């Protein structure tokens, strides 16, 4: 764990000494929250999704986020263009599998992207990761089914071996898997009562990957989000909780992350 903490400290420092351009191809439901999250940790969001401009924007970016929520034909065209440009220019890509467990269109798009391109990080909740692993739909909605952690770890390991991507599975325990596996147990149940918080995690991962294309960068991004929400007063309502989360994201110090992180490395 000492190596994890040391590397996360370096990534945190690099992140806060940078102002990288993060190209987010996302949905109308989460776009504002994601842009604010990127800004809150000192990076610059660019939310372009017009197929006529995305190649130029991606080419200038330091990281690309592809979010499959509320997908449209228009954005599918943009996604395919941006992913190609990112690969050609060694720009890290975070692919957030929003809704792939409920939509054949999204699952087929994901499989097509993974067949033809290299993805730095594949992120989804337990159900979405399981659906990608079995290549089939598994639920009527976008929230996780009650899957066992060990089952999801097995899915993550197999997906990492197949696609050589960092795999992030979010749930009660967050799983981050590459050549090593970390279980993260920070967080707050209130996150599940606010829309787009999972999408925000994806945008934070895109930010940390812009300075380090590593599993530790993903652990840092998730921990920043989860520890920030833990620091919000337990007595406040959901609107105040959301505001407090963004306040904490913008002010969280490395020492707070180091002191509060609940991470466990498991045998891979």
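From the backbone N, Cα and C atoms, a Cβ is placed for every residue, glycine too.
Feature list (source: Swiss-Prot):
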- 47, 196: substrate binding site (BINDING)
- 123, 170: ATP binding site (BINDING)
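Considering only the binding-site residues 47, 196, the Cβ with the fewest other Cβ atoms within 10 Å is that of 47.
The two recorded residues, residue 170 (ATP binding site) and residue 196 (substrate binding site), have Cα atoms 13 Å apart.
Cα of residue 196 (substrate binding site) to Cα of residue 123 (ATP binding site): a distance of 14 Å.
By the criterion of other Cβ atoms within 10 Å of the residue's own Cβ, the least surrounded of the binding-site residues 123, 170 is 170. Cα of residue 47 (substrate binding site) to Cα of residue 123 (ATP binding site): a span of 19 Å. Residue 123 (ATP binding site) carries a strand DSSP state (E or B). Classification of residue 170 (ATP binding site) by DSSP places it within a strand.
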